[in-house]
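As written in TrEMBL, here are the features:
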- A:12-30: transmembrane segment (TRANSMEM)
- A:42-64: transmembrane segment (TRANSMEM)
- A:84-103: transmembrane segment (TRANSMEM)
- A:132-435: domain 'NADH:quinone oxidoreductase/Mrp antiporter transmembrane' (DOMAIN)
- A:138-155: transmembrane segment (TRANSMEM)
- A:167-189: transmembrane segment (TRANSMEM)
- A:209-228: transmembrane segment (TRANSMEM)
- A:249-272: transmembrane segment (TRANSMEM)
- A:284-305: transmembrane segment (TRANSMEM)
- A:345-366: transmembrane segment (TRANSMEM)
- A:386-411: transmembrane segment (TRANSMEM)
- A:423-443: transmembrane segment (TRANSMEM)
- A:464-485: transmembrane segment (TRANSMEM)
Amino acid sequence: MEVKDIFSYDWSYLLPEFIILGFATGLSLLDLFAGKRLGKQAIGLLSLVGVLLATTFVFVNMTTLDQPYSYMADMIRIDDYGNAFKLLFLGGTAFTILISLSYLNQGEVAHRGEYYYLLLSGLLGAMVMASSADLITMFVGLELLSLSSYVLVGMRKKSLHSNESAFKYVVSGSIATAVTLFGMSYVYGLTGTTNIYEISQRLAEAGMMGYQFIIYMAFAFLAVGLAFKISAAPNHMWAPDVYQGAPTPVTAFLAVVSKAAGFSLVFRLLLISFLQVPSAEGPFFFVQGSLYLGLIAAASMIIGNTMALKQTNVKRMMAYSGIAQAGYLLVPFSPPTTLFFSEVIFYLFGYLLVSFGAFAVIMAVAKEQQTEDLKGFAGLYHRSPVMAISMTIFLLSLAGIPISVGFFGKFYLFMGALAQENYWLSGVMIVTSVVSYYYYFGIIRQMYMRSGESEAPLAVPRGIWLLVLLLAIATVFFGVFPGLVTDYIQVNFNPAFDFGNMLPS
Amino acid sequence: MDLVNSILLSVLVFSPVLAILVMAFIPQHQGGVIKKVGVLGTLLPLLLSLYLFASFHYGSSNLQFVEKYDWISIPISFDQAGNPYGLEINYELGVDGVSMPLLVLTAIIATLAAVASWQIKKRLKEFFILFHVLLIGMLGVFAADNLFLFFIFFEMTLVPMFFLVGIWGYGEREKAANKFLLYNGIGSGIMLIAFIVLYLLLQTMNMEQISNALTTAGHPVASAITPELRFGLFLALFIAFAIKLPVFPFHTWMLKVHVQAPPSIVMIHSGILLKMGAYGVLRMGIGFFPEQAYQFATWLAVLGIINILYGAVLAYVQKDLKMVLAYSSISHMGIVLLGFAAMNTIGFQGAMFQIVSHGFISALLFFLIGVIWDRTQTSMIDELGGLAKSMPFVSGILLAGGMASLGLPGMSGFISEFFAFLGLFGKLPVMAVVGALGIVLTAVYLLRAILRTTFGPTPDRFNRLADAQPMEVIPMVVLLGFIILIGVYPAILGNPLQQTLKTIVPIVTGIGG
């Protein structure tokens, strides 16, 4: 490729990424040279501006691009699939910054500037993951997100938990990365290319030529390695420790943005690469692949929901809850249909609203009680009815009880699974959901049925209070009118393009 | 008038919202005002439901007061012209002869339970707000004509009940609330599976359309459904509602709730929530899958007999009056199952009469237990006794309620048992004979429990108990009035039922023989 070829692309479609990159580097320089003179919140607010600006340009791309736009043979690919995920990442990061503005006032994190531009670089990694169709760029995005997250987790420098969790995260994350890379090397070895659309065809040929075993190995390694990012079994063990040790806004970032980024990668990489591989019993992906992913989903739901029962630390509980949610999100993938995209985006959208709401409440309560123990929630209803009722709505949504966005999300996933006559997985989903009632209602019991040490009103920063209230209203609103979101997805995103119309409807 | 009628049902279902809004603005400490608003708030749905009942056309078996609005569309894909298409979920309400009486029952019991809630002493504001949310859910369940909507209303009763039991109940309230939540959660899950499979098969969630499609011979879509799948769906729906009813062995949660919940909530629970299970079995189990139900009838009867005898025998050995009545409820729900098992108009009528009648009777009896507990702080039979001397009025009503429950002619319990057994004799005479033993046992355990509490020597500490206050007399008299009204003039309930049951039965019997 020559230099003039590179300039012949229309780079304006990459503006969202450039803006985030520019803000991340710009803010780090600003922090370096003028950090002392700026107000405490300045860098946070500026990074929020960057995120919003990038979001605007994603919307611009959505309206101006009818077809996927490809840079350098799909190294970067701007398409509906990626845009939908990017909106989720940007929204999630915006919420992270919003709750961070209040969290950082607690003074546990010494380097505010660093915190924000690391968030932005993590976001950039996620965005690259969602909009690449090449193993190299996918991996670069993955690493950018991972490395930023490792540092963010350890930001509470004086906290033992934070240090421990950062260390665990680095070690287990590196192992997962190694496993992923190992799987990629199999794929490259078989196909000689890193473009996943070419991989798709060549793997199909390789499958017909009798390289089944190596293909299965590649699939297994990729799935296990990538399970780390979405905190699904068998690579979920890091989540409770890391969630507990990380600063709460970072926990929320990991739970939503990092997880959604993982999903965007898993879906695109595994689905396109392996979709056309044949096997003796039928298409590999719809027979063995789906079963394998179904088992991962079932294991995640079972492990997440049963381990959560025993937790006394709220953030650990949310980590196990997150493992179970990852399991739910894999359900539409086994086997996939064209509906899967809309199901996943809707579910992630709901999960985004609810998670940030829940973590914001957890943050407010934990700060005041100086403990993240479940007992800290005791009597919350008497101390701050708005926080308690909002938290109840978030928990009901996570448990999948109407009327909430989480209920419809689950209903939608569930419907997809039953439409595929995947009865065993639907059964696991229902039973583990009911098990999850127990621990979600455990928090509710604390809030309403126990008396706390004090009855004094809970001091909640005004911004957090407003954010929680709005998120609670949104959770109910989109539970009553889920059609607004599903219609939006349907009208604006047509992922059939991105999957080459290869999925059955 | 048409405009009014076209939104009447929605107004009825959501009318408790008004009380919720008013209460939200009353300060917590003004308990008296909150109580008044709480009771007055239930009068609105009561009046509306009575108006609906009065303007209901008995002669028609059609759904009435139908409402339909587009609600959610789930995109699936694009059609050839590039337009998105998908599955539709509509907001659909409607009542027929089966759901109409249950709506009225709900509204009446709710009002009386609100009156009974005057005993509640703590956190009144939350109590009455949750009470009204529960009421919306219950009214919605009986008014919904769409499976998705039905499910949402069904689940809407779950969360308020959890709080009402868990906060305002007796000693082991939280355990009871958890058990309630988990059992009903499983039931709802099974129900949801069945609903979605039906939706995917028939592309609609409208209950009437589903029922028509499944019962029309040679229907283009539905006739492709295999008998095995039909039976599986029937069974799933039956189990889902059997947990709610409850049918042995799914009954343990219900005992806990009966014993631990506050009396006014038990009135609602025993009087209405259990009936949602029976309604579901009739409306969806039998209404959607008459053929499968017909094949399953013998098992229905067996389950019914197990419920009757198991409930009756265990009711006899209980030491706690609340437990006696809880097991009695299980026993009485067995009669509902027997009525269903008869698979004929008389049997169904018996079942429906039993649903309504038991609603009134159990509400009355649990209300009385609340009154007694309020004064004596106990409901143990051994500790009570001789109440007739100090509380003659309450004891008299208790005896009358007991008589109604054991099926004394002239009261509603008699009519329902009579119809249910009469229907069953026509189909399964042996089962009917065995089941009828239950009636004898009912007399034994109820008389034992009631006589031991009201007669005999009065313990000294109970010598000066106050008899019923005016606020307590009202629910007693009203409930007893309805029990006797149905007993002496069954047509008031029979008339609306007739036409609707007549449309279900020929389908059932037409298939079976």
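Every residue, even glycine, has its Cβ placed from backbone N, Cα and C.
Bear in mind that TrEMBL entries carry predicted annotations, made automatically and left uncurated.
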The transmembrane segment (A:167-189) touching the transmembrane segment (A:84-103) per 3+ Cβ pairs under 8 Å rule: no
Chain residues outside the transmembrane segment (A:167-189) and at least six past its termini with a C-beta under 8 angstroms from it: 135, 139, 142-143, 146, 149-150, 153-154, 199, 203, 214-215, 217-229, 235, 237-238, 241-242, 273
Distal contacts, the transmembrane segment (A:12-30) - CB-CB under 8 A, six or more residues away: 38, 43, 46-47, 49-51, 53-55, 57-58, 60-61, 64-65, 69, 71, 76, 78, 86, 90, 113-114, 116-117, 120-121, 123-124, 127-128, 131
Feature contact check the transmembrane segment (A:138-155) with the transmembrane segment (A:423-443), CB under 8 Å, 3 or more pairs: no
Close approaches to the transmembrane segment (A:284-305) from elsewhere in its chain (Cβ under 8 angstroms; 6 or more beyond its ends): 207, 212, 215-216, 219-220, 223, 227, 232-234, 236, 270-271, 274-275, 277-278, 320-328, 330-331, 333-336, 422, 424-425, 428-429, 432-433, 435-436, 439
